[in-house]
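Novice: For reference, the structure I am asking about is given below.
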């Protein structure tokens, strides 16, 4: 069977080596004669797995000791609610920076839970010569007392990424669902980081939360034990039964990434992949991208065909060539190629070759 390259935005492809290992030990994990899906989450074997997973993640991201690492339920949308309920209390205020669809969704959930009087927002995307560009605000000039400022450094739907570190007088809460471990960041700049697993970590159903110790002292509104960060810390992410198979696969992905040389090594590969695809788009008037170069996402490359009537043919022929899940999000249309850590350079090269051939045939 010829290679299939999956460009899905999420759930995304997992590293082939991780999938093969999971397949090999699916029915007999650690010599126990049963699957990892069948063992007790409180058994010594699984506890050892969780400890190693946290240690590997701390090493990969250089997480300081005054931060807790949590493995939680609920995905990114679950964290939209959890952040508000854990940090705002009855009187606290927060600022949301809006750069695309996912930061807008986080804002909407915050407004639903806390109301407009507690939630402020700023749109940070402007049009520069017809292209979307991020303009970060000078937060130090804002006269307000916020519990936190929330932003999403990578917008998967819009193909927008913010590479500059946010400078804020208030704790920063960041949705890193689509960019976690794709490039190095300084974790110590953040009050809390959360990420749904289904892009760069593992399968859906698991969320990673990295929270600074002092954030847990803020007044809480949460009435949901399952999304209470303090309870999660107290119970080592096992207040209730966790998504054990997703946790196992995340642990394997962390080990795989370490074997490649860590985040610094994969960041170079990710940069190569994105540059290769954007070069193809820029070199051919048959394709167009709507984001300024400085804010083009490395993880989610969005593009449109000059002739939209060819969209269906493009997708059909791409799939026949082993290039799947390239259809853009329903809100924006066009195409989207997601280049998460597990996507090999060969997959992007195959896509570029197909795009050049398709353009030549239809120009």
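Cβ coordinates come from backbone N, Cα and C, glycine included.
In case it's useful when we look at the structure, here is the feature table from Swiss-Prot:
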BINDING   42  L-glutamate binding site
BINDING   76, 77, 102, 156, 175, 198, 240, 241  pyridoxal 5'-phosphate binding site
MOD_RES   199  N6-(pyridoxal phosphate)lysine
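Tell me about the setting of these features in this model.
Specialist: For residue 42 (L-glutamate binding site), the count of additional Cβ atoms within 10 Å of its Cβ stands at 10 [all protein chains shown].
Neighbour density for residue 77 (pyridoxal 5'-phosphate binding site): within 10 A of its CB lie 15 other CB atoms from the protein chains shown.
Under DSSP, residue 199 (N6-(pyridoxal phosphate)lysine) is assigned to coil, being neither helix nor strand in the three-state scheme. All chains included, 30 other C-beta atoms sit within 10 angstroms of the C-beta of residue 199 (N6-(pyridoxal phosphate)lysine).
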Novice: Same-chain residues six or more away whose CB lies under 8 A from the CB of residue 175 (pyridoxal 5'-phosphate binding site)?
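Specialist: Residue 175 (pyridoxal 5'-phosphate binding site) has long-range Cβ partners 76, 79, 102, 103, 106, 150, 151, 152, 153, 194, 195.
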Novice: Per 10 Å Cβ neighbour count, which of the binding-site residues 102, 156 ranks highest?
Specialist: 156
Novice: Within 10 Å of its Cβ, which one of these binding-site residues (198, 240, 241) has the largest number of other Cβ atoms?
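Specialist: Highest number of other Cβ atoms within 10 Å: 198.
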Novice: Find the shortest Cα-Cα separation between residue 199 (N6-(pyridoxal phosphate)lysine) and the binding-site residues 77, 240, 241, and name the residue that gives it.
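Specialist: For residue 199 (N6-(pyridoxal phosphate)lysine), the spatially nearest of the binding-site residues is 77.
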